[in-house]
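Got these off TrEMBL a minute ago, pasting:
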type     : residues : note
COMPBIAS : 239-248  : compositional bias 'Polar residues'
COMPBIAS : 249-259  : compositional bias 'Basic and acidic residues'
DOMAIN   : 10-466   : domain 'Major facilitator superfamily (MFS) profile'
REGION   : 239-259  : region 'Disordered'
SIGNAL   : 1-21     : signal peptide
TRANSMEM : 66-89    : transmembrane segment
TRANSMEM : 96-118   : transmembrane segment
TRANSMEM : 124-152  : transmembrane segment
TRANSMEM : 164-183  : transmembrane segment
TRANSMEM : 189-210  : transmembrane segment
TRANSMEM : 277-298  : transmembrane segment
TRANSMEM : 342-359  : transmembrane segment
TRANSMEM : 371-396  : transmembrane segment
TRANSMEM : 408-430  : transmembrane segment
TRANSMEM : 442-462  : transmembrane segment
């Protein structure tokens with residue numbers, strides 16, 4: 001239990017720092033092209049009177065397209081790298097892979113922020129930093145989900161991972177608050193501080209993360225509950241490591257693993273054949289499109305529509321992530337109770353569509369309304385996204401069709417999140433292209449994406465309903481057992 005707690009805390013801190021380092025760009029955008037007329041007279045007589053305070057090359061009329069290019073550089077690199085990352089994650093020591101990626105991510109985040117102090121005004125520099133950071137950040141998600149999946153069986157996986165997955169929203173909130181401190185004075189520090197934090201957590205992970213229960217003499221959890229198993233988590237005692245095959249814990253610690261016992265890592269095509277992987281991957285594509293559009297564009301939307309300052313808009317946008325924490329926990333709890341992961345996602349996506357419409361039309365009618373709508377929309381948008389990337393990925397990575405081979409966890413997680421990352425790349429790009437025509441059109445695009453995400457889960461939802469109706473019909477005498 002102590003090792004389980006350590007694994008949860010360490011992986012929580014790891015992925016919190018990943019999102020903490022991604023968030024500053026959305027806060028800094030409003031400072032790269034602010035409303036210069038609000039700052040008083042132009043002190044530089046040779047500068048453009050309307051954009052003298054902007055940061056070149058984002059001082060032109062095409063600044064929204066350039067912001068979209070920055071977002072897209074990170075997200076496309078992340079989406080492409082994710083499919084490769086899962087394959088490496090199955091074959092390399094996760095501790096080295098995860099901590100190395102975090103240190104490199106810290107380096108590229110630092111280099112982006114140093115562009116302020118080095119007075120770099122060349123677009124390609126910032127795009128290259130975003131591409132490199134997107135590639136190395138793919139080491140994170142497959143690694144942390146695999147580590148947690150190695151330690152926890154299916155029992156209450158939805159609730160545990162729903163709570164654990166709050167690291168995404170906590171990272172976004174902390175990233176917004178940290179970036180907001182320096183956004184108006186020296187925006188380079190908004191990247192330097194998160195870069196140092198993620199590198200430091202990566203070093204901590206290198207020294208203390210335990211990848212597998214077997215590494216410390218604990219028995220692995222059961223990923224499938226059988227009628228004969230009264231303990232789905234595989235726990236028989238709270239007193240330290242468990243014995244395996246009659247051996248004491250100390251004997252097991254001293255006995256080396258036999259090479260023959262190591263299962264082979266699954267292939268990419270083999271992972272795609274696992275029932276449900278394709279449906280949930282495509283659903284996540286559209287669900288993550290909505291989530292990441294809010295992640296990258298919500299502060300700018302609040303500045304433009306509600307006319308708040310950059311810091312106030314960044315602070316207010318954290319309420320969307322606070323709602324995401326509640327939504328992830330709620331989705332995990334309900335899906336554990338009902339056994340319907342797909343149905344839970346589908347219901348939340350259906351309700352999210354009208355809530356997005358309402359937020360766009362009445363969300364700025366007062367600070368109270370704005371706060372309430374942001375929390376509700378955050379819960380409904382991020383709930384399905386959180387459930388699919390955590391409990392669903394772990395379930396499919398240890399699917400019964402694998403016959404006990406859990407070496408597919410990293411690959412399955414990478415396929416699902418990699419496909420979702422394509423949507424994450426498309427969302428901010430489309431928002432950058434559509435927003436000049438009006439924010440209403442951006443929200444119509446997000447609503448359409450939510451509906452498509454729901455429709456893609458139809459087959460799995462029908463299968464879950466049949467699974468529920470079968471036992472009910474037998475109990476009522478309609479079907480012979």
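Glycine is treated like the rest: Cβ placed from N, Cα and C.
Where the annotation comes from TrEMBL, it is an automatic prediction and has not been curated.
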Would you mind listing the long-range same-chain contacts of the transmembrane segment (66-89), meaning Cβ under 8 Å and 6+ residues beyond its ends?
22, 25, 29, 32-33, 57-58, 60, 97, 123, 126-127, 130-139, 141-143, 146, 265, 268, 292, 296, 300, 410-415, 417-419, 421-422, 424-425, 428-429, 431-433
So if I exclude everything within five residues of the ends of the transmembrane segment (442-462), which remaining residues of that chain have a CB under 8 angstroms from its CBs? That is, six or more out.
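Distant Cβ neighbours of the transmembrane segment (442-462) are 276, 279-280, 282-287, 289-290, 293, 297, 301, 340, 342-343, 345-346, 349-350, 352-353, 356-357, 359-360, 381, 384, 423, 427, 430-431, 434-435.
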Pop the mean pLDDT for the domain 'Major facilitator superfamily (MFS) profile' (10-466) in here, whole number is fine.
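So the average pLDDT across the domain 'Major facilitator superfamily (MFS) profile' (10-466) works out to 82.
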Among the recorded stretches 96-118, 124-152, 189-210, 371-396, which has the greatest number of Cβ pairs closer than 8 Å to the transmembrane segment (408-430)?
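Going through each listed stretch, the top one turns out to be 124-152.
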Is the count of Cβ pairs under 8 Å between the transmembrane segment (371-396) and the transmembrane segment (124-152), pairs 6 or more apart in sequence, 3 or more?
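Result for the transmembrane segment (371-396) with the transmembrane segment (124-152) is yes.
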Counting only residues 6 or more past its boundaries, what in the same chain has a CB within less than 8 Å of a CB in the transmembrane segment (124-152)?
3-4, 7-8, 11, 14-15, 18, 21-22, 25, 69-71, 73-78, 80-82, 84-86, 89, 94, 97-98, 100-102, 104-105, 108-109, 111-112, 115, 160-161, 164, 209, 211-213, 220-221, 233, 389-390, 393-394, 397-398, 406, 409-411, 413-414, 417-418
